[in-house]
Amino acid sequence: MASLYRQLLSNSYVTNISDEVSEIGARKTTNVTVNPGPFAQTGHAPVNWGHGELSDSTLVQPTLDGPYQPTTFNLPIDYWMLIAPTQIGRVAEGTNTTDRWFACVLVEPSVSNTQREYVLDGQTVQLQVSNDSSTLWKFILFIKLGKNGTYSQYSTLSTSNKLCAWMKREGRVYWYAGTTPNASDSYYLTINNDNSNVSCDAEFYLIPRSQTDLCAQYINNGLPPIQNTRNIVPVSISSREIRHTRAQMNEDIVVSKTSLWKEMQYNRDITIRFKFANSIVKSGGLGYKWSEISFKPMNYQYTYTRDGEEITAHTTCSVNGVNDFSYNGGTLPTDFAISRFEVIKENSYVYIDYWDDSQAFRNIVYVRSLSANLNDVICSGGDYSFALPVGAYPVMSGGAVTLSPAGVTLSTQFTDYVSLNSLRFRFRLAVSEPSFSISRTRLSGIYGLPAANPNNNVEYYEIAGRFSLISLVPTNDDYQTPIANSVTVRQDLERQLGELREEFNSLSQEIALSQLIDLATLPLDMFSMFSGIKSTVEAVKSMTTNIMKKFKTSNLANAISDLTNSMSDAASSISRSTSIRSVGSNTTMRISTAIQTGEDLKTMADASTQISNVSRSLRLREFTTQTDNLSFDDISAAVLKTKLDKSTQISQNTIPDIISESSEKFIPMRAYRVMDNDTAFETGIDGTFYAYRVDTFDEVPFDVEKFNKLITDSPVLSAIIDFKTLKNLNDNYGITKTQAMELLQSNPRTLKEFINNNNPIIRNRVENLIAQCRL
C-alpha cells in the first residue's frame, strides 16, 4: 500500500499542458490608470496598512504620516517635519517674521567651496557652500537674525538617504546634524512657535515627538521599503485637518463625502460573549489512555440590546501560543496517561472575532482609525473526570487566567454559510488563582487554564466596552462595498475540509484490524485507491493530477529530494562516546544508569534530541527502499483507503488536501529499527532509543558507531510492534525466536495471526496506531 505514496512522489512533477496554458494566461496583466481621488494617502485605500497579526502574536502599526505636497503652513508644535527632496537647491525655509529667518539647502556630493545663488525670503542671495564627500549628500542650515541681515551657516547633515528633519518645541527649532548613520538631533535657535511658518519645496512627512526614535531611524537608515517601491501619491496638507466632534455612545458621523464615496465614523457600545471549545480524544486499547485534550475555535451567536435595539452578534473564539503538557503514570496498559493536553498561560493569546448585524459592519472593508476600550474578564477552569474502566476516576480541576485587551484589527469569520468581515479583539493573558491539578496523580500546583473544561459549565463569558472606526463606504446606502469572490471560494473549501477532518478522525473506531492488515499488503494503484468513492470514477484522471500537484509541495516530497544530505548530516551529528545505555520514554527513572561512561546528564539529553532527528530521517530512508515487510506508510495508506470508502463528505475538491495531509500527519509517533545479527537497534521520533538481544529482549549498551553504519548499509524497518510491546508480549505470553524475528521485521502474516487470536497486547498496539491516523 505504501506504493500509493511512491506513485504520488514519482509522478508529482507531471503537469498537464492545459494547466500550463491556464497558468500563463492567469499571469497576464493589464496596465490601468486610476484617478486616486481624495482618499490617496500613501496611494492605498484609506487605511493604515501593516502586516497585522504575526505568528509571534506581535501587532505592528505604521506611524508615518504622509507624504504631503510642497506647501507653506504653520508647522504643528511637537511634530518632526521629515523632508525628502529629490533635487539640489533650496529645500525649505521658515520665519517668525520678526527676528528669526532660517533656510535649508541641499548640496550634491563632490562640490568644492563655491558660491551659489538661492532665492530665500523672496530675495536672491549668494551663499558659500561645499561638500567634500564623494558619496554623501549634504544639508546645510542657514540662519539670519534680521530682515535685511546676512545668512550664516549654523549646522550641516551629511547623509546617503537625502532626508532631513526639524521640529518646533518649547520655543526652539530642533534639527538633525552630523553624519549618517550616527546623526542626532539638537536645537539651534529660539523662535516664537505660534507665528513661525514653514515653506517646503519637497514632499514631507509628519512624525509625532513621541516617535523621535523612529524619526532618527529614518534619518540614518532611510524610509521603509514601501515608501520607496510603491507609486505614492502625495496629498495636500489640508487633508490632515479633521473636524473635532463630540462623540456620543452610539452614533454614525459623516467625516467626508464625495459623489461616490463617503467616510463614516461609527461609535458603538459592544457586548462580547464567547465560549471556548475543546477536543478530548481517548486512545485505543483498554481505556486508560488519552491521546489529546486541545482547544478548538468556537462559534457563538447571541442577541443583546443596544440603545433599545436588539442586536444579533456572532463571535469566534480561538487561542494562540498554547503550552503542551503530558502525564504518564507508567508503561503498563492499565496505567493512566495523557499524551498531550493544552494549557494557556502568560505567553498565550486569545482572539475573539466579533460581528453584528448593525450598519457599522455592513461595509467594513476599507477602515482606518480603529480603536476599542474593553474591560478584563477572568476565565476559570472546571472539573473533568477521566472515566477509567476500573478504579477511582482521576479529576482535572482548577486553573484560571485573566484576559486583558491588547489590540484590535480587521478579520474574517468563517461560518457554515457565509464569510463575515469582522473585528478581531486580541487579549493577552495573566495567570490567576487557583492552580490546576489532577487528583490521584503527582501533577499539581500548575498555573494556567487547561483545555479539559475551560468554560467551567457557564453558558458564556462576557466582556463589555466600546469601539470606534472610520470606514470608507458608498455614498448610496443601498450599495455594498465589493469583496473578491475568490476569498469566499477558498473559505468554503476550508469549511468542507474542517468537516471532513472531523469525520475522518471519528471513523477510526470503525476499522476492523484484520481487514486493515490485509488491505495494507495489497499493491493498489491510484485508480483502485479511489474506486470506492462515489462520483469520482469518471474524474479519476484529472483528480489524480490535482493530487500529484498538491503532493509535490508536501513536506514529505520536499524531504525526499534531499534525502542523502539530511541522512548524512543527521547521523554524523551524534557526537557521543562509543557506548551508551538505551533511553526509554521514562528517562528520569533510569538516568543514573543510562550512561556507561559516566558523562553528565546534559549529554544524555543532547543525544536523545539528536536521535530524534535521526529517527525522522529514517522514515525517508525506509520510504525509498521497497521491501515485503509492513511499514507505517502501509498502515496509514490502508487507514486512508478505509476512511475514504466510508466517508460521506469526501469530494473531488477536498481529496488532494486530505491525501497530502495524511502523508504528513498520520502516525506522528513512529519508531524504526535496524538489525545486526541477534541485536536490534530501535529509535523513536520522541528521542527514545534501545539496543537489545532478539532472543531474550535484554537491553545491551547502544553502540552509536555501529548504529550509524547500519542505518547507512542495512534495511530500515518500521517498528510496527515496538520494543516495549515486544517485551511485554514476551513477559506475559512467551514467544519463540521465530515469532520474535517475524514481529521485529513487521511480517504481516504473523501480525494477522496474533490479531485473529485476539492477543490483547498486539491488538492494543495496532489500535493505538490507527488512533494516531488523525488530521
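Quick reminder: no glycine exception, Cβ is built from N, Cα and C everywhere.
Given the ranges 287-314, 483-510, 567-594, the record in Swiss-Prot names 483-510 as coiled coil. In sequence order, F274, K275, F276, A277, P297, M298, Y300, V350, Y351, I352 make up the list of same-chain residues 6 or more apart from C317 (disulfide bond) whose Cβ falls under 8 Å from its Cβ. Within 10 Å of the C-beta of C379 (disulfide bond) there are 22 other C-beta atoms, taking all protein chains into account.
Note on the coiled coil (483-510): its mean pLDDT in the predicted model is 53.
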